[in-house]
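For reference, the structure discussed in these notes is given below.
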Amino acid sequence: MFELRQLPYDTNAFGDFLSAETFNYHHGKHHQTYVNNLNNLIKDTQFVGKELVDIIKTSNGGIFNNAAQVYNHDFYFDCITPNACEVKGDLKAALEKEFGSLDNFKAEFIKGATGVFGSGWFWLVYNTKNQKLEFVGTSNAATPITEDKIPLLVVDVWEHAYYVDHRNARPAYLEKFYTHINWDFVAKAYEWALKEGMGSVSFYANELHPIK
Ligand code: FE
């Protein structure tokens with residue numbers, strides 16, 4: 001049985017970026033529903049007792065959609081922080097090398113995330129095939145881990161992520177999102193991606209969802 005992860009911060013602490021009401025719905029209802037659906041769908045199947053990432057990589061249809069949405073939301077909620085935080089060290093150097101400058105990275109990130117059509121996600125990933133940092137936009141539940149791309153940062157651009165606080169204004173949500181990125185978490189994901197490759201993705205998911 002999978003359980004809903006806990007959030008590592010006070011949901012009242014995000015100012016005009018996200019309200020506690022948004023977290024109550026987004027984490028307490030949407031994320032919880034993906035967990036519940038996944039548990040119901042895998043009952044009496046070969047997926048019982050399997051690791052979350054294994055399920056994502058070997059399923060399709062409803063099981064894939066709910067398993068991937070559990071992972072995508074787990075990761076999203078770790079990518080934000082109530083406290084301002086700066087990108088530094090090896091990750092900063094890698095972003096400057098790949099995107100020219102941090103300003104350009106930000107501009108391309110916001111442009112890319114604004115351009116995801118309908119419900120989906122916008123990711124910064126480490127591509128294990130060419131060892132490069134790159135952006136990936138995905139629709140609905142799709143997740144880059146099925147393509148052996150390691151998530152470093154993600155923003156949820158489903159309307160349920162921002163409608164309560166920003167109504168239809170996705171770009172306004174993205175500007176605020178950018179000022180609440182947990183760069184320490186992103187840097188750690190990058191460090192582990194370089195060290196452990198795709199194994200780092202399973203390690204992350206298994207820490208949140210120990211197999212019982
Ligand atoms: Fe969401």
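Here the Cβ of each residue, glycine as well, is placed from N, Cα and C on the backbone.
Using a 10 Å radius centred on the Cβ of Asp156 (Mn(2+) binding site) and all shown protein chains, the other Cβ atoms total 25. Marked as Mn(2+) binding site by TrEMBL: His26, His73, Asp156, His160.
Annotation source TrEMBL lists domain 'Manganese/iron superoxide dismutase N-terminal' at 2-80. Confidence across the domain 'Manganese/iron superoxide dismutase N-terminal' (2-80), taken as the mean pLDDT and rounded to a whole number, stands at 98.
Annotation comment: TrEMBL describes 88-188 as domain 'Manganese/iron superoxide dismutase C-terminal'. Helix, strand and coil counts from DSSP across the domain 'Manganese/iron superoxide dismutase C-terminal' (88-188) read 51 helix, 25 strand, 25 coil.
Taking a C-beta cut-off of under 8 angstroms and a sequence separation of 6 or more, His73 (Mn(2+) binding site) has the following same-chain neighbours: His26, His27, His30, His31, Tyr34, Asp156. Working note on the binding-site residues His26, His160: by count of other C-beta atoms within 10 Å of each C-beta, His26 ranks first. Each residue in His27, His30, His31, Tyr76, Trp158, Ala161 lies on the same chain as His26, His73, Asp156, His160 and has a C-beta within 8 Å of the C-beta centroid of that Mn(2+) site, without being one of the site residues.
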